[in-house]
Amino acid sequence: MRHAYGPHLAFPVGVSILALTAVFLPETVALARANLSIPFLVRTAWVDLCTERNPKADTTSPRHRTEKMTFSEGIHRFSRACWTPIRTLRVIKQPEIALALAIYALPYACFYGLITPLADQLEQHYGLTTLQSGLVFLSTSAGVTLSTIASGQLLDRSFRKLRSSFDATWEQQQQQQQQQQHHEILADGSTNAQTTNHTDSTAPPQPIVASQITKAEVTAFYPLEQARLEFYPLWTVMLVAGFLGYGWTMRSGGAGYGGQTSIMATMLVDYVGGRGASITAVNNLTRCLVGAVFSAICQDIINAVGIGWTETIFTAISSLAAVLVVVLLKHGSQWRRTRYMAKASKTKNAMHPGPG
């Protein structure tokens, strides 16, 4: 009965769950709700879709307001809400983010290519029941959990170590720049005083205080790659060992995978400071798409070349992510600085346009 009705029930059950989620899932982020006076449990997803998040005051006189204009406003709001998730994908145009997404997605897909046929492989090679095979997933989950916790501690340590040296260097550079500007101002003042024969002494210099670094400057100039990828080679070695060990000895493990994904997920959020939810959504989309492809073809690859060579192929694909990490380490900071300087120059030109 399970084999007869399972595939037929999967689609309607999935559609039903999706419909219930779309109708009853409330908006839990207060800033994303247009009307904060409505309790969030009453605030449903389809209401949010048809309501503008930041409503502007309507200056149109009620006497001149027509049903046609109200309908057009509703259409505009609906189309704008539908287009908003697509606009999030524009971050992929940034090369360091595209590379980071690929580095995350490749090991993720290979890992799911490992665990998708795991139950069938254990049943085939060792004669385990479905319940016994399911218990094997506990070891993989434990490995991912422990490696994620350990990776988080290592990430915090690396970040604090580099941040202290970065802040000291940044403050020194800012003081030097402000001191140079102060000397230039004093030089200009002395020249003007000599030209106009003024004998008044100049005011005493003000103390030089370094300006506070902004979030955009941290994203552009802080060595994020060095801070976040310091232990990536360690997790890669563990992941490769786990793939090869499982493939050729039928033993599973997930320690290396959890460490890698924790690193890349953190760095993606660092890249787009202030838009963590958007980049997380893009990351979920890319990794799930790639993971779905690998999960769909993994059994065919196993049937063709065997479990050992299949995991060897997955090892090679995961190692490709390590090659992309080298590219990211070499060029990531340069790409961020170049984009920041171009944006700053564009803003400066807009505020102080040259002579027409």
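Note that Cβ sites are derived from N, Cα and C of the backbone, with glycine treated the same way.
Caution: TrEMBL annotation is automatic and unverified by curators.
Quick caveat, the model's predicted, so the values are computed rather than measured.
Check TrEMBL against the ranges 72-92, 135-155, 198-218, 261-281 and you find transmembrane segment recorded for 135-155. Taking TrEMBL as the reference, the stretch among 6-25, 26-45 described by the feature transmembrane segment is residues 6-25.
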